[in-house]
Amino acid sequence: MGSIGEKVELESNEEIPFSSSHNATNKTETLHFEAAAHMASPRSFYSYSRVLRKMDQISFMRSIYIVILKAKINILLPFGPLAILLHYVTKKHEWVFFFSLVGITPLAERLGYATEQLAFFTGPTVGGLLNATFGNATEMIISLYALNNGMMRVVKQSLLGSILSNMLLVLGCAFFCGGIVHHQKVQVFSKATAIVNSGLLLMAVMGILFPAVLHFTHTEVHFGKSELALSRFSSCIMLIAYASYLFFQLKSQQNLYSPINEDRENNAEDFDEEEAPEITQWEAIGWLAILTIWISVLSGYLVDAIQGASDSMNMPVSFISVILLPIVGNAAEHASAIMFAMKDKLDITLGVAIGSSTQISMFVIPFCVVVGWFMGKPMDLNFQLFETATLFITVLVVAFMLQEGTSNYFKGLMLILCYLIVAASFFVHVDPSKEGE
């Protein structure tokens, strides 16, 4: 009988291109239709099940090819396992640090790619939020690890450095690269979203500023206790504010914060052809989870090698914590933000760079304070005057850059140069808190 078994065998022998997932979807729908017509036969049902398994295997292999084998940057992937091997075989901390840094680079690029694929199914707002969340998973794990070991200063410096890196270096490189690629036009983004994020960042600065001022002016009611109590109260308020912001952005005022689509309406046909997703929604979610776990593992070895690398390179630990470590931790945001800006998707770029800074300042830092409270660790919001002043000036500079709702390569260059000034400042800065911790 010319049943479904023969039809399926012919269809399954056809070549399925790796560049698109639509063909595999259409064939699966055809199989479903044919199976419904022949479901009365048990043999046909068995053939149908066997073909579905074969289609799943083909889809899985196609996903591996696209995510792992297709990108040329993945030639750097072996550096990650090599860093882990060197950690146990040798005591060369500087080499472990360097190889971990190189090994994270392709993972960060692929993380940005998987998030971009997921954004096709969720939209730019949720896509930017997801990218910021997955990108900050590394900082969260490192912070909780350091907090559990009583390294409060490392937690503060790495999180502060992550905010500075996202707002100046990541956003600056994205604006610069996007401006170079699209130099013939002005790139635009949602001004309303940028203003709300700037307001949240200023609120975070307020929460961090007051405990530091209270400490250094010696105006506490109970010395050492009032500062900690204020930090815990402010952290709870900041967490409530961030939760309200998420509800406001995703549910209450979705239309108000919709992305700018004016330039894309004229090229709808080209957009549909060029911007088709290459992997399915669940494949993107699976790869996001796998890549995040692997980045977190490598980040752990990277942190363990910091002190040894500092001694070997004669470089201050504070400089490594505030400047070098966040660059590695923000590699995911860096790669994806630049990629989105070069594709003229600045709303997602802002969701990645500024959204990540907002998430760290309004969620991760207060969360660490609350977790430290439950752990019995005196984690507070006193980031010292030098660091707090740096954060305050940075937020003001970025807020002024975003107020017009446009971007170009010159704005990006200015943000990059500002980050170089910040990096040089921390290179010559002596951390005064060693005595207190």
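Each residue, glycine too, has its Cβ placed from N, Cα and C.
Please treat TrEMBL annotations as automatic predictions, because they have not gone through curation.
Fair warning: this is a prediction, and the values are worked out from it, not measured in the lab.
Among the features that TrEMBL reports, compositional bias 'Basic and acidic residues' is placed at 1-10. Under the heading domain 'Sodium/calcium exchanger membrane region', TrEMBL lists 95-250, 284-426. Residues or ranges marked as region 'Disordered' by TrEMBL: 1-23. Residues or ranges marked as transmembrane segment in TrEMBL: 63-89, 95-113, 125-147, 159-182, 194-217, 229-248, 284-303, 315-341, 348-375, 381-402, 409-430.
Contact between the transmembrane segment (348-375) and the transmembrane segment (63-89) is not supported, since fewer than 3 Cβ pairs fall under 8 Å when only residues 6 or more apart in sequence are counted.
If you look at the transmembrane segment (315-341) against the transmembrane segment (95-113), you find at least three C-beta pairs under 8 angstroms, all six or more positions apart, and that counts as contact.
Counting residues 6+ beyond its ends, the transmembrane segment (95-113) has Cβ neighbours under 8 Å at 67-68, 71, 73-83, 86-87, 131, 134-135, 287-288, 291-292, 294-295, 298-299, 301-302, 304-306, 308-309, 328, 331-337, 339-340 in the same chain.
Note: the stretches the transmembrane segment (63-89) and the transmembrane segment (284-303) are in contact (3+ CB pairs below 8 A, sequence gap of 6 or more). Scored by C-beta pairs under 8 angstroms, the transmembrane segment (159-182) has its highest count with 409-430, from the stretches 194-217, 284-303, 409-430. Counting only same-chain residues 6+ beyond the ends of the transmembrane segment (409-430), those with a CB under 8 A from a CB of the stretch are 164-165, 167-169, 171-180, 183, 316, 318-319, 322-323, 386, 390, 394, 397-398, 401. Residues of the domain 'Sodium/calcium exchanger membrane region' (284-426) grouped by DSSP class, helix first, strand second and coil last, total 120 helix, 2 strand, 21 coil.
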